[in-house]
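Visitor: Right, I'll just put the structure down here and ask away after.
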Ligand code: HEC
Ligand code: HEC
Ligand code: HEC
């Protein structure tokens, strides 16, 4: 744990110094600053920086079905980075998915979302990457994909089939509408575009394309997707497994501080909050929340909103529930999440009526019990809590029992989880082998 704290602290110092770069003489300071803000909204640093690496120098691995690819150096170094990119070259990479040499980029670079970014914002990003980022000399890594799969031309077909046409200059004007309308439109612009929320939160189709790139494409948009062994949850209006029971203020608090009365960020979302959303202005976070609250339910909940039921807490306190799941819960979880399932607000999240617990897909629930998780560091909520992993302590059956117990206690109602499902996720996420009893 300590080591991770130090690494993260060092990382923050490292990034801090990059953000603080003095702009080159003559460059438009205001534009560079705006570009810096937009780079955070787009979370470019998350994918273009390795754990101990220099900001934006690339080299982070991405697993694809055909092999591993690596993000590239997007610092303004002329030999190894994008220092020789014109604005047009930069725009083609970021919004069209085409590299300077004309080859197509892998959609691990979320250009299908960035296609929605207006040219005026791309110009600010370009100014920042050319004049506000420290150049780093670091050669790009070749992808570990064997020939002939390494040929990039099929990506051109993929682009033709799935990538939207980037928005033009005519969209450069501020979104139409006033007051609440303008706020929702600003939120939609950030969510669909730079925020690329959909790249994690929307399920993918047969060619790994997102099933919807906007709400107009249908309720698959932001209805939940699995990324790196975590379920990026349903952000639509479903009351139990989505954001239907979260207020606008709850959403803002989560994106700003990484936690609220319902939940705390973990997995890929912890990094999104840490690198990106916590740095966004209150106006933009409120816009995102206002937009998310307009999304209709995906239809994942097959009933009304579940209400808290005290029966589980009473049975646990009396000792009358001797089931395997209840015993595993008391011995491993209750110290933090309490027998009431209510936890301690903003410290140990509640499990009663938690969307993580109630999602039909139990991926995140099994993953967090096996490997634990850490909340993000944020200015708004500087104290940092973590949950330990239980992979080495609990067998597949014990994990299945406790997760099933949590899914059906305190008024929760969700399908049971099997030991086979746990075994599969244990393998997928590289957790320790189960203890032998
Ligand atoms: C989700 C991960 C991810 C995010 C977020 C991301 N990128 Fe990328 N980017 C990649 C990957 C992976 C590649 C390499 C793709 C390939 O080799 O086909 C890439 C490639 C690029 C390239 C092409 C570089 C070259 O060498 O030709 C540019 C430019 C770029 N990204 C800029 C950005 C900017 C600017 C942002 C933020 C607005 C950003 N990226 C955010 C993953 C990401
Ligand atoms: C790198 C992948 C990734 C990206 C990009 C991403 N998310 Fe997430 N998000 C996740 C994962 C995984 C979870 C589930 C873990 C958790 O609840 O913290 C999650 C959870 C959430 C939650 C909590 C939902 C709940 O019911 O508990 C909210 C709200 C959210 N994301 C909003 C957003 C918004 C808004 C964006 C875009 C600005 C975004 N996310 C971008 C991966 C991502
Ligand atoms: C030492 C205290 C501690 C123990 C013991 C513990 N947890 Fe946690 N749990 C946490 C913390 C802290 C978080 C928030 C982690 C984060 O957001 O990164 C959390 C998060 C969770 C979440 C996600 C909730 C949400 O929506 O954010 C679930 C589900 C969960 N724990 C279940 C369990 C189960 C089941 C057990 C027992 C096998 C358990 N926990 C044991 C501290 C604990």
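From the backbone N, Cα and C atoms, a Cβ is placed for every residue, glycine too.
Relevant sequence annotations retrieved from TrEMBL are reproduced here:
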- 1-20: signal peptide (SIGNAL)
- 30-133: domain 'Cytochrome c' (DOMAIN)
- 44, 47, 48: heme c 1 binding site (BINDING)
- 182-296: domain 'Cytochrome c' (DOMAIN)
- 197, 200, 201: heme c 2 binding site (BINDING)
- 320-410: domain 'Cytochrome c' (DOMAIN)
- 333, 336, 337: heme c 3 binding site (BINDING)
Visitor: With the Cβ under 6 Å from ligand 1 as the test, give me the qualifying entries from the binding-site residues 44, 47, 197, 201, 333, 337.
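Guide: Checked binding-site residues vs ligand 1; flagged 44, 47.
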Visitor: So which of 47, 48, 200, listed as binding-site residues, have a Cβ under 6 Å from an atom of ligand 2?
Guide: 200
Visitor: Filter the binding-site residues 44, 47, 48, 197, 333, 336 down to those with CB closer than 6 A to an atom of ligand 3; keep them in sequence order.
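Guide: Passing the 6 Å Cβ check against ligand 3: 333, 336.
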Visitor: Would you pick out, from the binding-site residues 44, 200, 333, the residue whose Cβ has the largest number of other Cβ atoms within 10 Å?
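Guide: Per the Cβ count, the most surrounded site is 44.
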Visitor: C-alpha of residue 197 (heme c 2 binding site) to C-alpha of residue 44 (heme c 1 binding site): distance in Å?
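Guide: It is 13 Å, counting Cα to Cα.
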Visitor: Measuring CB to CB from residue 337 (heme c 3 binding site), give everything in the same chain under 8 Å that is also at least six residues away in sequence.
Guide: 343, 348, 349, 350, 351
Visitor: Tally the residues of the domain 'Cytochrome c' (320-410) by DSSP class, grouping H, G and I as helix, E and B as strand, and everything else as coil.
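Guide: Helix, strand and coil residues of the domain 'Cytochrome c' (320-410) number 38 helix, 6 strand, 47 coil.
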Visitor: Distance check, please: Cα of residue 47 (heme c 1 binding site) against Cα of residue 201 (heme c 2 binding site), rounded to an integer number of angstrom.
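Guide: Cα-Cα distance, residue 47 (heme c 1 binding site) to residue 201 (heme c 2 binding site): 17 Å.
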Visitor: Please work out the mean pLDDT for the residues of the domain 'Cytochrome c' (30-133).
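Guide: For the domain 'Cytochrome c' (30-133), the model's average pLDDT rounds to 96.
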Visitor: Using DSSP, break the domain 'Cytochrome c' (30-133) down into helix, strand and coil residues and give each count.
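Guide: Once the DSSP states are binned, the domain 'Cytochrome c' (30-133) shows 43 helix, 10 strand, 51 coil.
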Visitor: Between the Cα atoms of residue 48 (heme c 1 binding site) and residue 333 (heme c 3 binding site), find the distance and write it as a whole number of Å.
Guide: 37
